[in-house]
């Protein structure tokens, strides 16, 4: 990571929450949105700037499913495994994705493009089974639709 | 516990009382206490794991569950305040089953190899399993397997043995304000992790070892030097010298069944002599030496307008804390090495010469109430003699284990004296073991050196005791010298922040990393709690009172050392051997 | 500018997941291409619920509904309907197909429906405050600020009998009163939009379709309890809700309906959005507060309860989105009106979300007291594929398990507990009889394992052991004692877990163990899965005796 450039960007994010009382989670979310994950050095930097122990920052960063402390693919695919999707074929969706991507849950493709994760309810049970690719949701998934959707991101 | 509860009960006169029924007996307890506290006042010691006196209540382990009539679920007594008319049952079938099941669940994700554990015999999980009569684990399943973290020179972490009670986390945060560790991940994957998921050795951990005292299981323990010490003892080529810290003589009886607060100096010397050390010396000798050096440093700063306040440097946990969190106060900290390191430097130079042996064949072992001493003796700068000044540092617990391995029962030992000359010391050195002791010892000498008068009353009561921050003002030649004493790093912060802000009136500050000072150190026997700490402190002052000499500058062996070898206090040779420097460290 | 027609496109997370954004883009492109850019305007709207398949498009003022619409259909709608004025019959909403042109404005397509919290959803452009105001929006706030004392507001809410719609059903008026009476200069209103219960997405559709109704209610709550700052905690999975809220807050501030000295009175109230980051447990109110405070979302010790010590230790009201959306109509129409809906002990409406193996998926708002039969078989259109009903999970995995014998129980907060069930958030996950009960219960248990915060032993380890045992059973390695262990662990977790979530987690397990005992027993006794779902071998067909 290019140090001076990145820290300037983090400073910009920090400045968004100057007036907030407890902005840690907001800041971590914004950083993740920008870089896809939370590098260790960045967490340390945020800890120092906010005057919060870095062990606490790390504890928060590892608590939430949407925050990543390890590098992930450019596109994070989150497949819903909760009951409404489960009873409409989420297992098949997950299997199809594993087959298509050649990876298992929690893994990232070799080209660094996709990370496959399972998640709890995405709140779009009306179109179950569903998944999210970064912050775009896809519903009524079938094997064919999965191939179409992946093709969009493979380009 | 007992003390605070008594206090609570005494205060009960002033606060309003509520009536509750515990196991069918109606009792009156102060309003606002928890069910757990109320039960303990009534003599029922509800079992706990995540609860620890002095820390905030957590309520996570669910061992202290009790039944409250009218409530559908059981309640955790450690976090539930009593209410008027509450009917509490502490050993109903429901309660007993719930406690036992939670214990079984913890055990189902815990190695069942007590024989291989550091805490075999002093483990709270083991003890509860015995008390509850656990004979099988009904709920088997996946067990988490983690790597043991041996990166720290002082503290070993074995997450496999961790039950996630969080006592270490709260101790590190609330008592020490270091916050080196915290919970990470969630659910079944939850672990206690050092800063940023790094190994402990790369974190801000100051090695104080208070987390080890807080840990109910073997998840945290000291990095052992026992094998290296046995090897040295059994090596005929090596001349092995032992030094014992001031706090050891008032605590090492405990692992042998003696009540806390028993002074065992003579028996301890005899025991270690029988363990095979070539000489049994006393760190107290070096404590007297420290007072001479530090006292002169203080006098010099006072007279020449040097950086004030001067802050003591005996506690290596405090030193690393300063290097991480208060590097701007580095110049305020005395350049004096700690007594452990002064001893090593003198042993491998002055004493080696006197004895006519090559210092490379000399091994200096210390027994310390401390885990940070293991780190300290490995610091790069600690080799003024040209060798590692101190080779190995054992905790009180390790030392007791070695004695037991050999089959030495401390209780049965005769009373023997330390060897000459590095075994001679004064009462001033003895009090180093308790919070306020270094300050008191320094004041006894500084006063007499500056005024040329004899102190009439040697006891500086205002710097003694368990108050977090203590202060005193001493009139020296018409000058008011303000001093402060803090123990526990959270308390230290209060004083240091004042100094940093320029709002401090103090000339001299003593800081000890551990609550109670060295007698409460992270290397001391388990349990170490408030009550036991206070008993050890009483014993420390008993040692002081019993000694013929009670001022460091009157120590004849120290005087001879200056005459024969060091020259002037703070002189060139003294400076080379007995003083050190510090390095700023990452704050994160 | 005057437009001769408005085209509303359903823009919700569900519809976007099915291509609504592309439909909207295509509409704009085709309208421009047809030269209608100055005559026809494309607008976004919220969901219309289970009544309409997503994404739908409505053409005003003709009141014509097309549903579902794909990108391929757009050109025909533009060329035929907008350009030539001819309704495209094949694309009409199936319910109306052949029945002539649809009437979009209520009466709603669903007879049982009663819209209170969804009063505007699907009818207004949620990104335009004018449309909300045109439908009496912010009138309740104006009334409260100019005609009522805070005590009177609380009295109205208390008398309405409104209960928290997040799942617990606690009386909202009481919560407000406790907070008002709590000592403290600073107080907070927190809106819980961390809707994580699987099968629930009502709050999302309210926020996406009618964000101002929640903002207005928060300001009313602020006035009633003496708070000047509100927070909406929205889960990370709802980016669209966050976007709509951001726009709505900005518009309300611009209009002086939020911010300093609202409507020229001395009352000031501001709302900030806080985003979750993927943690179900943050739906627990004290865990949610921890999360806003930037900490791990672990529940707090209670008492003290949030009305005494909440956000940053200050008295705090925490209300669910649906609860709040009820407030403005209650203020405007009075508590008696509200009490006239639903049941005497549980007044008002409830938004249910129909999910799982049911024909019509989506949400519907109906009076409390409706039966499950009406919801599943009338509104939901019955079980998909003609299968039988196995169970309906209400309120997500922590709620209640409704077996076919309970189809005629009135659905309300106070009735379901009598059947060891719970209304919860109103999620209805319909499960047909092709599913295996061990597999379903394992799915519930895995959810809790994934979402446990890890603080307390029974939930962290007990929850894991429940999954371990279920895995064993479904792999054909279970024993009859395992069923007893499951029951024991379930009850243990219920009795000793730290927070409400851990205590509720074993509910479906316990209920299913009882009701589907036989199916469990076949798994452990005969080591086979009658439904052929588990990884073990399927149940062998009984051998026919061949007579020679």
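Any Cβ shown, glycine's included, is placed from N, Cα and C.
Some features that TrEMBL has for this protein:
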- A:80, A:85, A:121, A:125: [2Fe-2S] cluster binding site (BINDING)
Cβ neighbour count (within 10 Å, all chains shown) around residue A:85 ([2Fe-2S] cluster binding site): 33
Cβ-Cβ distance under 8 Å to residue A:80 ([2Fe-2S] cluster binding site), same chain, at least six residues away: A:90, A:118, A:119, A:120, A:121, A:122, A:124, A:128, A:129, A:130, A:131
For residue A:125 ([2Fe-2S] cluster binding site), the number of other Cβ atoms found within 10 Å of its own Cβ: 31
Surrounding CB atoms that lie within 10 Å of the CB of residue A:121 ([2Fe-2S] cluster binding site), all protein chains: 30
DSSP three-state assignment for residue A:80 ([2Fe-2S] cluster binding site): strand
